[in-house]
């Protein structure tokens, strides 16, 4: 339980007035619980979307659901997406890319990435053929994001500084990663049947390609690229689901 509380404190803005000594918790093994942080985020997203959809049109409810995640996480991973875009697409050397990612200012690539991300995300939600599924998508997709993050932990080489937040998860063993994937697949299968499981295959393929691209650019992962990977992973999952619903 203490591990889950620490993960909630780490990945969300939920005010839990509980002091936990990180030295007493093995976050590498406890990272298997990371998808349950996604469950909490997803439940909040679902609640806000559902409440707003009762009194407002669907597009407004979708925007509210997207904004709900920013509220509960503090935009933690959206900021990581912007930093990753600024760094990786800066056409600079590795060391300079890492410096750009640390810069608190958002550059042109970061702004473009965030705008495209939310526009594409919103368009995909509006493209879901069965609007009754949208609420469940808001619930499940954050779980998928944490599953992608867990995949990126596998045999991770850390490119950032040793003091970076992502370095905490350096050396995560295989079994928490496998458990996390099982949790994600169960969630997708429970809500979206076999189509959800097939969609996650597309997410895994994206994760492999994304990981290879990042390693080629900066030689490993850091906190920003890990967070960005999770955000893009849930977007890719929604894309695959909409695509499969249109084909099947």
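Every residue gets a Cβ built from N, Cα and C, even glycine.
Per Swiss-Prot, the listed range annotated as transmembrane segment is 24-44 (candidates: 3-23, 24-44). Of the candidate ranges 24-44, 70-90, 106-126, 189-209, 228-248, 24-44 contributes the most Cβ pairs within a distance under 8 Å of the transmembrane segment (134-154).
Tertiary neighbourhood of the transmembrane segment (106-126): same-chain residues 58-59, 62-63, 65-66, 78, 81-86, 89-90, 100, 134, 137, 231-232, 235, 238-239, 242, selected by CB-CB distance under 8 Å and a gap of 6+ residues from either end.
Comparison of 24-44, 70-90, 168-188 by number of C-beta pairs under 8 angstroms to the transmembrane segment (228-248) places 70-90 first. If one looks beyond the transmembrane segment (24-44) by at least 6 residues along the same chain, the residues whose Cβ comes under 8 Å of a Cβ in the stretch are 2-4, 6-8, 11-12, 14, 68-69, 72-73, 138-147, 149-150, 153, 168-169, 171-173, 175-177, 179-180, 183-184, 187.
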